[in-house]
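S.K.: Supplied in structure tokens, the structure appears directly below.
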């Protein structure tokens, strides 16, 4: 019978596994009394994870197709199939970033790991760096650069604002940095920062241009090569709708020249670009050497997420996010709520910031919506704490039905939450 031997082997394996499990339980029961620390009671029963509408600033909901990709059989992190999947991921990132950079890969970790990878490899102790701070991600970048021992210089805008190219060039002339950090989509404040012309200014002043696009990529246009971006990174859990844990990043030839000709080694072995580039097969060497065990199932899900983006088309994704955001913004204004970012062109289409309704406790609003509507929305972060509510509509979550659902939940919360008369 075709497949009979395979089915029989499967049956034998299941019986063997059941026998081993029974023996282990017997041994466990026998030894339990002799162990000073017993098995935790919470781990001896299943845990039912509730379904929630993840409409905060991230992570976003993971579609069934991507969840299924992550449930495939495990492969070794150096197996030929895994390396092929990694190659597919590189191609997908190049498409998403609109770049031909050879050194394009995914860091094993969240967006923070990509931020550190970018800064650790491009900066050395004592070098001047310029950080554009208009929210929490500029603040974080400044702290990381300071820990490296770089000479940190900042330009600062209040929450909700952004920098003009003239202000940036004045700072480049003043501080003479080797690197400029700028956040494309500042999720703490809801600002979409313009990118055009900044790369040219950086190169004019012999400076690398580093862009954080964790909350923006896939939801609004970015052209890495065309806009002269030297280092660009994002996260898997926002518009891409994959689980957290992989962070796409790309380095231009100019950035690679800096990273691969350092006077000192990067402070992190794990995030050393020379090792990562080899592991990802983008350093031009024939042999890949073991560096770390990559998150193999995370590679499965990231590949599937990039497949969906490729099938959708970048321009279609950008268009949908823009249209859905504008529909949401109109709905909020029709309710009498105020948008935190006043200038329309500066509003991030993936994460909307709403001025906290006067007289209400934002914590009560978010808790009410979670409890009664199973929807996650968030309060502010960093400089916007206490000032805003944040709603994320990213990837598969960017839809008009989701907007209607959030608007209804907000209206319900404002009706039932306590409003101070003061």
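Positions of Cβ are set from backbone N, Cα and C atoms, glycine also.
Annotations per TrEMBL:
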type	residues	note
BINDING	390	substrate binding site
DOMAIN	69-392	domain 'Aminotransferase class V'
MOD_RES	238	N6-(pyridoxal phosphate)lysine
S.K.: Just to confirm: which same-chain residues, 6+ apart in sequence, have a Cβ under 8 Å from the Cβ of residue 238 (N6-(pyridoxal phosphate)lysine)?
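M.R.: Listed in sequence order: 58, 59, 60, 214, 215, 217, 218, 219, 350, 392, 394, 395.
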S.K.: Tally every other Cβ atom lying within 10 Å of the Cβ atom of residue 390 (substrate binding site).
M.R.: 26
S.K.: In the predicted model, what is the mean pLDDT computed over the domain 'Aminotransferase class V' (69-392)?
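M.R.: Across the domain 'Aminotransferase class V' (69-392), the average pLDDT comes out at 97.
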